[in-house]
Amino acid sequence: MIIVNAGLGASLLAFPQAYDLAGGIPISLTFQTILGVVAVGSLIILSYCADQNGTGTYQETVEACCGQWTNAICSVVIAVYTFGCSITYLIIIGDLWDKVFDYALTDESMRRMWYLDRKFIISVSSILIILPLCIPKRIDFLRFASTVGVLGVCYIGVLIVAEYFTDLPPPGPIKTRPTHLSDIFYVLPAICFGYQCHVSAVPVYACMRGRPNVRLFALTAGLAILLCYLSYVATGVFGYLSFGSHVSADVLVDYPARPEVVAGLALLAIKTYTTYPILHFCGRSAIQTTVLRYSPWARENWNHIEPRWRYVSTTAWFFVSLVFALFAPDIGLVIGLLGGIAGLFILVFPGLCFLNVLLRQSPGNLSAKSSAGIAMAMLYIILGGFLFGLTTAQSIMQFIKHFSRSAISDTLVHDPLAWFSRFLTAGHVK
């Protein structure tokens, strides 16, 4: 459940619009299926490499397979990625509760009450729910909270399918092919961000009873990705067929304000509360690995200082991400960039680990099995590098295009506050 909860994330409701941008359902499902199979393969690779080296976290596995320098890069990327996800999840929590209150409360005077203010809701609810879940030392503590989150997402998938068969406004044009060849890649950030559960998968595998057991974990990983795949397909296909090109980046806001839709928004907010701690655990672990490597004093005294380090680092991480979330207007650019980074975790680092393990096992003559494994590892590395570069470049180009268009009337010299506001919101998705 932890793996599924980590995978089913912030991009769930963005899939219908991603289908539209990419050119329709057939091409989107093709990419989604291919990357789903690849994601399962990389999870199996990570568990195999972790077994070969006796490691318990993603970055430890990378270090054991690829060396300290690669691990240093990996730890920094994990910390940046998970911190960006933490900010994203807090922003999403605020967005979702805003929509719940807008739908549920018709009295404008009550809607403007201070205790329903977005910043107040984000701050108080996350302090009461998220912060306590971030404190434990082991990640398996989160399996119960993850079950609640996954059930909430299943409800949303069923809701979107059921809403398709109700009376809705006529949909906009529905694409069957991309307008331009380059359009097909617009679905990749959502897919990569949606399937990324690999950073948290290694700690989950380390906590499994009966390890080593790659076959059991392969079954677990396959079922987890399958559940993610079915949820994304149901949301993407039926959400897109319901609204066509008129679909919003958050498909739930397009539905009439019925009680079941409001319940779906609330459940997604609750699910997001349970996802933040998983990503925080991985980020904290990456920072911890870096501290232990470069601080001999910390290594010698770790058993004594670990509890204090955990409480202090968790508190600092949480409140810094909270401050960013309270003042960041939206997450459009962030999702695109995080989708690109997710490609590194799904493809590049697992490919590097697998390649090095195979080369160590067969330093001389390579068997046909080892040669096939090396070819697959190289394919993962090349494909991951391509996806990372492409999705990151697309996000930056979208940001620059929107910023240059929206900042024409507000220059930095005449109105710096307006300029800065437009700079922050330039990555906004429709």
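Any Cβ shown, glycine's included, is placed from N, Cα and C.
Curation does not apply to TrEMBL; its annotations are automatic.
Predicted, not measured: the structure shown is a model, and the values here were computed from it.
Here TrEMBL flags 2-396 as domain 'Amino acid transporter transmembrane'. The feature transmembrane segment is assigned by TrEMBL to 28-48, 69-93, 113-134, 141-164, 184-204, 216-241, 261-279, 309-328, 334-359, 371-390.
Beyond the ends of the transmembrane segment (334-359), by six or more residues, the same chain brings 10-11, 14, 35, 38-39, 42, 45-46, 48-49, 52, 58, 61-62, 65-66, 70, 74, 77-78, 80-81, 84-85, 87-88, 188-193, 195-196, 198-199, 328, 370, 373-374, 376-381, 383-385, 387-392, 394-395, 398, 427, 429 to within a C-beta distance below 8 angstroms of the stretch.
Against the transmembrane segment (261-279), stretch 69-93 shows more Cβ pairs under 8 Å than any other of 69-93, 184-204, 216-241, 371-390. Through the fold, the transmembrane segment (69-93) approaches residues 9-10, 58-60, 62-63, 121-122, 125-126, 199, 269, 272-273, 275-276, 279-280, 282-283, 286-287, 289-290, 293, 317-318, 321-322, 324-326, 328, 330-331, 334-335, 337-338, 341-342, 344-345, 349, 352 of its own chain, all at least 6 residues removed from its boundaries and within a Cβ separation under 8 Å. For the transmembrane segment (184-204), the partner stretch with the most Cβ pairs below 8 Å, chosen from 28-48, 113-134, 309-328, 371-390, is 28-48. 28-48 is the stretch from 28-48, 113-134, 309-328 with the greatest number of Cβ pairs below 8 Å to the transmembrane segment (216-241). Outside the transmembrane segment (113-134) by six or more residues, the chain places 90, 93-94, 97-98, 101, 105, 141-142, 145, 273-274, 276-277, 280-281, 284, 314-315, 317-318, 322, 325-326 with a CB less than 8 A from a CB of the stretch. Sequence-distant contacts of the transmembrane segment (309-328), counting only residues of its own chain at least 6 positions beyond either end whose CB sits under 8 Å from a CB of the stretch, comprise 83, 86-87, 90-91, 94, 119, 122-123, 126, 130-131, 134-135, 137, 280, 283-284, 287-288, 291, 334, 424.
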